[in-house]
Ligand SMILES: Nc1nc2c(c(=O)[nH]1)N[C@H]1C(S)=C(S)[C@@H](COP(=O)(O)O)O[C@H]1N2
Ligand SMILES: [Mo]
């Protein structure tokens, strides 16, 4: 679910909410299955999205990022473009993304820990940025790296993870129109605990693929290393496609808990590819997704 936005009509959250109500009201005459689908994409509240986070650079607790991420300075912010690209370099973020169409994308989000949310992101397709930097024909993967700044990130002053956090996608996954670089949510600049100023969003994969606070994007010929695969390869694969038929070794992935109260609280069945199978299943035709989990 997307619609066009421009930088100038990014609205304060209050206005956004009333506009949402108008849209919901306009849909009141729809047939039932479509209403059910709209309800499924009823976004979580701003408070839920910004107070229940995984951002281990700021601690292991779900509320640690909200408490600690304020210390991260995000201005200036530059992103290094490296590897198999036509225009490598160190870019100021604003220069790198200027002119990319900033749209709203209301996506389901599924963490490997079997909880989920619906989040209204502002962002643009990663493919737009990849075309701008010029992908060389020999490139097959995209590697991403998070900020490494232990003086502002208390989690990086501890062991456990080999910092900085890194992630990667196959080039066709990175080029898919659902794959976003997100710079905001609910019409506001990206909150620090959600990965300011720019983060990846890959809605058909477990949340850990959606790397936050990106400082480097490299195009590579080899499959890049990823933080979770390196930490626990038997539990976290490179692909990490949401798959209710492949359980995590320590828990079931068949269902999920929608964060937040209200009408749709409680456990829901997890959908293959997190509900995006129609759009993305063809990327994996011929692959055994039990082996490539
Ligand atoms: N740099 C970095 N990116 C990260 C993480 C992290 O710890 N560090 N956690 C991942 C995990 S496990 C999840 S579920 C999502 C959570 O995103 P959210 O807090 O915006 O919901 O961020 C992902 N991106
Ligand atoms: Mo996660």
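Using the three backbone atoms N, Cα and C, a Cβ is placed for every residue, glycine included.
The Mo-molybdopterin binding site annotation in TrEMBL covers 53, 56, 57, 111, 146, 194, 199, 210, 211, 212. Secondary structure at residue 146 (Mo-molybdopterin binding site), as computed by DSSP, is strand. Neighbour list (residue 146 (Mo-molybdopterin binding site), Cβ cut-off 8 Å, at least 6 residues apart, same chain): 57, 164, 165, 166, 211, 212, 213, 214, 215.
Look at TrEMBL and you will find 73-228 tagged as domain 'Oxidoreductase molybdopterin-binding'.
In the three-state DSSP assignment, the secondary structure recorded for residue 57 (Mo-molybdopterin binding site) is helix.
The Cβ of residue 53 (Mo-molybdopterin binding site) has 62, 63, 64, 65, 66, 193, 194 as same-chain neighbours under 8 Å, each 6 or more residues away in sequence. Across 53, 56, 57, 111, 146, 194, 199, 210, 211, 212, which the record gives as binding Mo-molybdopterin, the greatest C-alpha separation is 19 Å.
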